[in-house]
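In what follows, a single structure is set out as structure tokens and then discussed.
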Amino acid sequence: MPDVIPADSVGIVTPQIAQFDTPLALSCGQSLSSYQLIYETYGTLNQSASNAILICHALSGDHHAAGYHAMSDSKPGWWDTAIGPGKAIDTNKFFVIALNNLGGCCGSTGPTSINPETGQRWEASFPIVTVEDWVESQARLADLLGIQTFAAIVGGSLGGMQVLEWSIRFPTRLQSAVIVASAPKLSTQNIAFNEVARQSIRRDPDFFDGNYIDNNSVPTNGLGLARMLGHITYLSDDAMGAKFGRQMRHDSYQYNYGIEFEVESYLRYQGEAFTKRFDANTYMLMTKALDYFDPASQTNGDLSAVLSRAQCEFLLVSFTTDWRFSPERSEEIVNALVKAGKSVSYAKIEATEGHDAFLFPIPRYMTVLNTFLTRVANRLTTEIK
């Protein structure tokens, strides 16, 4: 917790709730008759409502992207290193919006919410949601806030997929798209990782087919194992080696199945901590949304054809040691955009952190992001004049 709020922090922020009572048709064929989205804003919306930036979160992210909820907070929002006065996403220039997506477990309508038609928690009956559904709901939030066009939409990993979908679905509603450490669709290996994660949850005897709250239970073992698996894929081999190597907790082998290597202790801690803040049904939903995303399926697998609908400029960023969403996956998008005749910039950043590098304030990464968004801000100033 900070003794004093840093000068480059957005400070103490209060989440807001947007209630929607117009039904939202979902890709799965079901609909939500009503729902709510929790969100935070940083900075000030200008008179023409032209300086807004939307932040789209990754699998385990939420609406709390920057600042603090209270002075007692142990840490700031998940992307505080990038959002704030004078930072890469400069709140002196932009009005920044971050939300928790539908199906989430941090305040937006999801499996832990009450189904208004039954008066009971949704739990396993909450419908499958997709990236397309999220973007539709985000557009409704923009309407509510009086924002017709975003200056930029920014997202990393699964968040980057949402940005890509925005450029296709609502091409006139964003001027710039920033897609970081993402992909045009999941690889077979990534789908496999997600299935192992889901099976670890489903096979936990405390899962109760997704209705664990009604059974006064939580599938902590399964969810913790899913997080441990995911965490390994978010880090590079070099990063794990540098952090832990073969460090042990004892002077010699114990010849049992307890914790011996420091990396084992770390993974167990990460898994256990995750179960205290995240919902297993939400984790299942988020991984399915990842699996289903494939915009090129609309155009017989031709990514450049579907991206021809986009009208914004693009910035793509990848990281050299990211093997979950490798640089080659970003380059697929870049090449498709070039083929479609779109304006695109691309930066491959040297980084040791693996996929999680998109969350770190790596100097060249922050410079690339800041330079691109400064150009966006300057263009806004010129247009206002």
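Including glycine, each Cβ sits where the backbone N, Cα and C put it.
Under the heading active site, nucleophile, Swiss-Prot lists Ser157. Look at Swiss-Prot and you will find Asp322, His355 tagged as active site. Residues annotated as substrate binding site in Swiss-Prot, with sequence analysis given as evidence: Arg227, Asp356. Marked as domain 'AB hydrolase-1' by Swiss-Prot on the basis of sequence analysis: 51-359. What Swiss-Prot lists as site 'Important for acyl-CoA specificity' is Arg324.
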Cβ contacts within 10 Å for Arg324 (site 'Important for acyl-CoA specificity'), all chains included, total 22
Sequence-ordered recorded positions within 10 Å (Cα) of Ser157 (active site, nucleophile), taken from Arg227, Asp322, His355, Asp356, are His355, Asp356
With H, G and I counted as helix, E and B as strand and the rest as coil, say where DSSP puts Arg227 (substrate binding site). helix
Other CB atoms, at most 10 A from the CB of Arg227 (substrate binding site): 23
What number of additional C-beta atoms lies within 10 angstroms of the C-beta atom of His355 (active site)? 23
Of Asp322, Asp356, which of the recorded positions has the most Cβ neighbours inside 10 Å? Asp322
C-beta crowding around Ser157 (active site, nucleophile), within 10 angstroms: 27
Quick one: Cα separation, Asp322 (active site) versus Asp356 (substrate binding site), in Å? 8
Look up Asp356 (substrate binding site) in the DSSP assignment and report helix, strand or coil. helix
Tell me whether Ser157 (active site, nucleophile) sits in a helix, a strand or coil according to DSSP. coil
Rounded distance in angstrom between the Cα atoms of Arg227 (substrate binding site) and His355 (active site): 15
Integer Å value for the Cα distance linking Asp356 (substrate binding site) with Arg324 (site 'Important for acyl-CoA specificity') is 10
Euclidean distance between Cα atoms of His355 (active site) and Arg324 (site 'Important for acyl-CoA specificity'), Å: 6
